[in-house]
């Protein structure tokens, strides 16, 4: 009788048989056979307490029985918010303002507006995002019959469009009398005093209150009008739909939207008492999620701010951080956070680990915190150290629900700032929020300083970040689809047909890992060539 022993060597299972007859192997239809497990489980990968980064390991391939296009990238951002793609832009003043946040949301992610600016400026940026893709516009700009052509021209300069409903009292809820459009004021630029009552269009196509969005869109499409007013039985204006929004919905079907079909947007605030006024402005402008922006989030200041937000705005989603240990995470979870931001000193422009001797290698931090937070249903955002699609996949494979990107998005046309040339290369500025340049920004009123527990009166500030430049990457609207496509193909290689399935594979032991030596890392990169061009998309 044949006897077989199984020996695990360097993470591989090797079978030895006392008989020379070849062993008959059966193929698993799922690709998962406990007796043929190679590599290490996630728990085994970190069991020695080593500080690992994303480049220190690989994920072993799995079984493919689906196409890459079938991979579902939906993933929770917080307890109540789900993204169509697990991608978040960092709240940095050289990464995310309204233009970046709009692009992120259109592609299924979300942008977090930075707070290194005045509260009014930040609230306006949030407002721009919420107004970009309206769906049902519940608070459209409205004119009255006594408004003039000059008022419409001024509104066009401010808002960027010319079509406005006209009601009896010039307010939403007033009886709808007509519409004024660009065709009504054409050639009247020199007649700013003309009343809208004399030029507005009164024959309108409307839809009844309570109509669903697909039906309303069908009416709008058939009418060939630019806007569709929604009225109640008394003929009073209650909402609007715009044709431009219908076009946007077709171009970006996976956009991240709220219940009103408006784009999702987040904003960062500090933990100082004056940030409560900033928070009120952001909430008034429709912000969907708040990130408490701190390099070390395990503080009495953040705990108190979390409790204040939950008491004052119980429905508002709050993400706490940054944290890198389970003990840090516990205090914020106990305070009531809806999500956690993980990372300390791992960003490309961050020097916290070097200067403060404090932090944690990012892969280890993501695994430890996400494993703990999972028990309480709190999603984790991996923040820092993301340099490629592979790093995004690895962060999620360690338990993160989403990744936050800074340098990966800096240099795109949607990032704040102007391009400049150096030695013929088109560049854009990128700086850490802990850099002296960011902390000394004139209009910020100390917002970036508060992230590192400095204030404007400090005589000496210790920099925890640097300033640099990034090569032009083009538009985020081209770059994000590349990242998402790569993420789908990577999940296919691993054998996970969704982001949620990938995370499940961590905890049932189906996902297998392999540590990489320095030589293995060199082997896995381009080598042996005299010269090469690395084009990613």
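Using the three backbone atoms N, Cα and C, a Cβ is placed for every residue, glycine included.
As annotated in Swiss-Prot, phosphoserine applies, among 28, 74, 273, 519, to 28. Here residue 523 (K(+) binding site) is compared against the binding-site residues 295, 343, 384, and the shortest C-alpha distance is to 384. Cβ neighbour count for residue 406 (IMP binding site) (all protein chains, 10 Å cutoff from its Cβ): 27. Shown are the binding-site residues 293, 523; the one with the most C-beta atoms within 10 angstroms of its own C-beta is 293. Taking the Cα atom of each, residue 344 (NAD(+) binding site) and residue 430 (IMP binding site) are about 18 angstrom apart. It is 14 Å from the Cα atom of residue 293 (NAD(+) binding site) to that of residue 384 (IMP binding site). The binding-site residues close to residue 384 (IMP binding site), defined as a CA atom within 10 A of its CA, are 345 out of 294, 345, 524.
If you take the C-beta of residue 524 (K(+) binding site) and look for same-chain residues 6 or more apart in sequence within under 8 angstroms, you find 58, 516.
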